[in-house]
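**Q** What follows is a single structure, and I will ask about it in a moment.
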């Protein structure tokens, strides 16, 4: 018999896992976890084949089939890149293709310009309400805004500057305004003030501190209107979490004007809110802006206002320079509505169409800027305004521009 001390432990052989082969520039791992190639993007798509067959035979498509087709297209839409093909967000592409086409068609005739320039805002609003209802993130409006800036600047350089009415100083001022817009947008897209879960941080409260905070919260909220027996305040709506944005359970830390987020598992400070599109709580959340594809909150509100202001000044300056070039000896306001002979050549017609497109975009941004200034002067956020209107506790003043939240 062998003694226990003389027994040598048996070493288990490690099973060597097979190393994955590196991807070439045109290969990628699809949503099913399989290796695929960019060249096979049109192969083995049963949902697309079924959709085409039903469309040819004039049969209706099921909504689930359309969603599967869009998921397949977005998964296979990639560009070759180092160490594997990169996925391209499908919502970026429509503005890059449709905007130049629409503007060139609108410059053919005055009536075409009226139809196209009227339909563009309608289509944009329809797509906004479609994505807003589904609570989905989209890069469509960010792509549209950035590409509109670049394309308007390109048309200005190609069609307006060669006519000799724009000096180098004016061109430099317009170019600086464009770069300042991009810098302000970059700053506005940064962290708007996301709230992190305190349980995941290094500093966490002990159980005795939690009980102490709970007792203090109950003492402060005792007799306070809207407070329940556990000390939590029912001062917010729960529309964004219909199932379980439950109030804070008994024994949890609470203070006046604080709220518990069941999704982020944290206590929100006053005026913070959970964004259903970003999926995270934001300090002093104003609204979710589709033009920057991010929330506007405590940390980026000033940069957002600055970006709007610089855009308005730069856009008005560019519109003035363009109208002064293609409609000489007329005031800006008169040339905007009456510029005879502007459709005589294609260059001036395209410039005039881009001017009206810029006017529509500028008017929309001016409305947003005005609403922001009014809200700041009343010390309310856009979310608080909309909440007061939904709860019918606010009243509209000055044709709805001002909302008294009470």
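Just so you know, glycine gets a Cβ as well, placed from its N, Cα and C.
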**Q** Between the candidate ranges 259-286, 343-370, where does TrEMBL place the transmembrane segment annotation?
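**A** Comparing 259-286, 343-370 with TrEMBL, transmembrane segment matches 343-370.
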**Q** Using TrEMBL as the reference, determine which range in 215-255, 297-337 is annotated region 'Disordered'.
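**A** Feature region 'Disordered' in TrEMBL: residues 215-255.
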**Q** Do you know which of 60-77, 168-185, 186-203 TrEMBL annotates as transmembrane segment?
**A** 168-185
**Q** Cβ under 8 Å to the transmembrane segment (88-105), counting only same-chain residues 6 or more beyond its ends: which ones?
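**A** Contacts of the transmembrane segment (88-105) (Cβ under 8 Å, skipping residues fewer than 6 from its ends): 70, 73-74, 77-79, 112, 116, 120, 138-140, 143-144, 147-148, 151, 350, 353-354, 357.
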**Q** So how many of the residues in the domain 'Palmitoyltransferase DHHC' (256-386) end up helix, strand or coil by DSSP?
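**A** Output for the domain 'Palmitoyltransferase DHHC' (256-386) reads 69 helix, 18 strand, 44 coil.
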**Q** State the residues, same chain only, that lie 6 or more residues beyond the ends of the transmembrane segment (139-156) and have a CB under 8 A from a CB inside it; answer 'none' if no residue qualifies.
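**A** Here the qualifying positions are 89, 91-96, 99-100, 103, 124, 127-128, 131, 174-175, 178, 181-182, 185, 290-293, 318, 321-322, 350-351, 354, 357-358, 361.
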